[in-house]
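Trainee: Pasting a structure below so you can have a look.
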């Protein structure tokens, strides 16, 4: 019987300060944002009050109320109408999340059925690597579903946002941004969460497997551990998605512009482009998409989440993101200069709602990495064995020699005669071992079959479970405390920028003081002059 013992021999991620990199990044981004805002004279710039959207004004023009600030009448949306629309929109969001979960469940069914099919394959290469083949094909199918659902989610997010009838353009953009991020984040990471925290957790045990439709045994992790499946999932999805995004960002405008040039040559001749003035040649390029830089922001935010939430399971994710971003910088430069029309600039003090989303991802990354280390990896069981059950138990230390016997302690004994009839082995093993095999081992912490409570959980299982829960609580509190400390220690404004701003404030105050002195002196001189004129005219 195949047992999942490989994970115990692999390196497991250990808790480190890598999980606070999000805080460091965000704090330094705030400093960089302050420098950019100062250089572009946007420190004290406040966006003017947004004008009411024409759609909102047309919808609620019959109901008006006086604006408490401007004192002018403006369209008003009733409380009941506003919140009924929000409830319908929230229901639509919840339904689309259920669609994502249904898609993940479909992938689970595919994996359950395919792993059994590959295990009975005639080709030895597929049969011996059925787990890897199942995972690889499932990830590719999952990627195709992700890309198809992304197209649907954009239309649904647009429909739900318009249904809410936001009052201003900024409210509309914030609502649409939040929906698009939520849809695509859940769509991209749902299968990853399934593999990290649910795969192989509810399969049962030998002799009492849980089955789908009472037929297919639920899928288990790779023999080397669930981290291998998680690493494959993240690696394939990340590489395919980045490749596809780069192709669509550059390839699609190239194809469209090629078709435009072909149409112009057909209408105006071979040398038509050279005779056009520059403005007309620019006009024939592809227009910037309707959402401006929204797609660029969304891609970077999703990539940021992908590289931080499961960095403990896939340490290569930041490196792949860095390589992709170096390439994308050049591709975007080429696209903006040669393939797109010149975009219209607009002022902005910061990145808006995206910063709040980044902070949310930072909090989520701490929680998920704590669960990955405690639940998915073999880090906690190894620690429990080293300090409680191994050769060094009770000595307060853990070294290489303290792990002797760990693999044997992580395996439970199963009596072959207790197999279900549908799971009985085809042979008794006598052709390999010379006698019938009566017992086999499997990865779990359960009592032997000859005890008073056969196959019940051992005390070591409860020790490991308690240690996992304790580690999650301690790890999260420790990292959050360090994050808070770092956020406090790193000032939002660089010292040189703060000094320059104080210098400017001082100079402005000096100018105002001097201007006020001049005004007072001028008024004083005028009074003296009037006084003299008055006395000269007196008889």
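Heads up, the Cβ atoms here are built off N, Cα and C, so glycines get one too.
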Trainee: Match it up for me: which of 439-464, 465-490 does TrEMBL list as transmembrane segment?
Mentor: 465-490
Trainee: Looking at the candidate ranges 22-43, 44-65, 132-153, report the one that TrEMBL labels transmembrane segment.
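Mentor: That would be 132-153, the stretch labelled transmembrane segment in TrEMBL.
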Trainee: Quick check on the annotations: TrEMBL lists transmembrane segment for one of 276-300, 326-350, 351-375. Which range is it?
Mentor: 351-375
Trainee: On average, what pLDDT score does this prediction assign to the coiled coil (503-537)?
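Mentor: Taking every residue of the coiled coil (503-537) together, the mean pLDDT is 81.
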